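In what follows, a structure is listed as structure tokens, so that the remarks can point back to it.
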Amino acid sequence: MLSNVVSRKASGLRQTTSRASVAVKSVSGRRAAVAEPQSAAPVSAEDVFAYTKNLPGVTAPFEGVFDPAGFLATASIKDVRRWRESEITHGRVAMLAALGFIVGEQLQDFPLFFNFDGRVSGPAIYHFQQIGQGFWEPLLIAIGVAESYRVAVGWATPTGTGFNSLKDDYEPGDLGFDPLGLKPTDPEELKTMQTKELNNGRLAMIAIAAFVAQELVEQTEIFEHLALRFEKEAILELDDIERDLGLPLTPLPDNLKNL
């Protein structure tokens, strides 16, 4: 009898110990899962460089990664992905801005182009200040909706360790917006198209900066500036011909002397 009791108690003790062991392993497993990112070895600069080199946008004349400031030396892959998202977004905005500068200056004389009273005129850098009520409100709503959608698609929920980071399954720039079905299914063709978009966006960022600087300095529209340049070059070429023929030189107008 006594042996049976002892046997049952020992068996119960073993079961209790076994359950406690499983519980400890379970808790330890959860702790290990949480602590794993902290204990994982950091990605080396070589790994970050190799990852960046395989991204779209690496193109001639820079066959390698163009990083003159050395940002990649202290960056992580998470940083590179965030920078790429920023580059794509700014490139797209710059392409729209460069197009808007040119189109806006050409259509400002048409009353149907939100210019009913003719108050919008001159260089494009002053158009926003000239537009009155009824334009800003829809524009701000449209920008807010677009940015809210982009954040919801691509950005991870801010946490203590994941603040200001993209979702792991999100490809920078891919918002799923392709109404014309232009996105290639072949990976190489897709990478080529993405590289073209990046290069055009980079060019547009430089162009819009030049547009703004030129209009601030000369206070002339883009095509007006271009026409004046052509006019000046034509007069200078004509002066060379007149000089060779011994004819009086065509005087350069005052508004072209400082160009």
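The backbone N, Cα and C atoms fix where each Cβ goes, glycine too.
Remark: Glu87 (chlorophyll a binding site) has Gly57, Leu198, Gly201, Arg202 as non-local neighbours, by Cβ distance under 8 Å and separation of at least 6 in sequence. What TrEMBL records for Glu87, His90, Lys196, Glu197, Asn200, Arg202, Gln214 is chlorophyll a binding site.
Per TrEMBL, the feature chlorophyll b binding site maps to Arg92. Within the same chain, residues at least six positions away from Arg92 (chlorophyll b binding site) with a Cβ under 8 Å of its Cβ are Glu197, Gly201.
Long-range Cβ neighbours of Gln214 (chlorophyll a binding site) (same chain, at least 6 residues apart, Cβ-Cβ under 8 Å): Thr220, Ile222, His225. Summary: among the binding-site residues (His90, Lys196, Glu197, Arg202), the fewest other C-beta atoms within 10 A of the C-beta are counted at Lys196.
Sequence-distant contacts (6 or more apart, same chain, Cβ under 8 Å) of Asn200 (chlorophyll a binding site) comprise Gly91, Met95.
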